[in-house]
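Novice: If you look up TrEMBL, you'll see 12-30, 50-71, 91-107, 127-146, 158-181, 187-212, 233-262, 274-296, 317-339, 351-374, 386-406, 418-438 marked as transmembrane segment.
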Amino acid sequence: MKATSLTGELVRLAWPVYVAQIATMASAAIDTVMAGRLSAVDLAVVGVASSIQVTILMSLAGVLFALPALIAHSQGAGRPAEVGRDVHQSLWIAFVLCVVAVLLLMHPEPFLAMSDLRPDVEAKVRAYLDASVWGVPGFMAFRIFFGFSAGIGEPRAVMAYNLVALALKPPLNALFMYGFLGLPAMGAPGCAVATSVEISLIAVLAWAGCLGNRRYAGYRLGAPLARPDYAAIAAYLKLGVPIALTFIADITAFTFMALFIARLGPAVSAAHQIAANLAALAFMLPLSIGNASAILAGQALGAGQPGRARRVCGRGLGLGLVCGGLTSLAFWLGAPWIAAFYTGAEAVRRLAAPLIVLVAAYHLADTVQAIAVNALRGYKRTAIPMVIYTTSLWGLGLGGGVLLGLTDRLGPARGAAGFWLAGIASLALAAGLVALYLDRVSRAAAGR
């Protein structure tokens, strides 16, 4: 397989996932903008409630991120019936995840205890989370659809449905937030109602289109739901639980980082939020390339072509470093202008520009670890990357951030920059170790 065609395959799989991820982020931004037009209280409600919702749903749905790799192996091996079996077993797992998610959303006291909210804000946050409950089944169903579509190498359907969801978001938000067609104005909780309606509708459309498509008949997706296969579920969880734990470590580390930095004042906290948002946006591209690498590597391994799987990983890392290098260069050169785009407050701009320069270095390390970790999922290896990432992020990253940012034990306290410097060091360590592990695993699989 020529390198150019392999790169083309990676791009073919990566760009729809990238567009789908950006559409999801844009949908969240729409909630923020529309809530901000109502009141400061509604904006605060969306910020707090959506953070709790995302933490719960993404931590649990992390288990379902095992599905693309499992399906890729079956697809590569030419066993479509096993693809259908994996989807059916996912439904049983998703049912349990739905129950847990609903209980956590309906009883968010542990999360609210950390927030110390005013009674009026807390009441709206609870209303938001209660409304979110109705969208949980649709959310889990669409995650399974993503796993199926990505695993068989056809992620454009996911992109199309995410774009439809994005188009539906503003009118649905307006309907429930502001009150039209005789409906009451719900304010911020209306965002959650709109999201629940949107994701439920999209999940139904996605699966209806899939089940009605003759191209997918060989996967037997519409066959009667198979009983739980506990051996298959155990193998699924062995792959998926470490992914979920990685998500939890990532989310909680960034949450605590933001809480620590909030002690330094609103201007510093705002500057950090700009840097964090920029890092999250930039992360979508290597994440998409990593996803594509996992799918192609998994299909190659399923087809008994470990040499091709190793080449996929190399090309994925190479493509990611080129894209990541260009992104980092843009951040480094354009830091003052990027800061000015985000805010008109001079004090925040001055604080944000140096952090954006640090994000440039952070993104390079983030690119390597994202692609390597995802590629290892194609090899069904998730436990060791989880240990490496979690210990690096929480130990060197968060612990080092506290030392550098808030204490003078290693020189003058560096504030938010100290946390980002520690984050760079932790990600560089994780990226190096995970890349070495990927090299070892892929080399062993290829018999080298």
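The count begins at 1 with the first shown residue.
Yeah, the Cβs are placed from backbone N, Cα and C, and that goes for glycine too.
No curator has checked TrEMBL annotations; they are predicted automatically.
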Novice: Please tell me whether the transmembrane segment (233-262) and the transmembrane segment (386-406) touch - that is, whether there are at least 3 C-beta pairs under 8 Å between them, with each pair 6 or more apart in sequence.
Specialist: yes
Novice: Where among 158-181, 274-296, 351-374, 386-406, 418-438 do we find the most Cβ pairs under 8 Å to the transmembrane segment (50-71)?
Specialist: 274-296
Novice: So if I exclude everything within five residues of the ends of the transmembrane segment (127-146), which remaining residues of that chain have a CB under 8 angstroms from its CBs? That is, six or more out.
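Specialist: Result: 45-46, 49-50, 52-53, 57, 61, 64, 67-68, 87, 90-91, 94, 97-98, 101-102, 105-106, 108, 155, 157-158, 161, 186, 188-193, 195-204, 206-207, 210.
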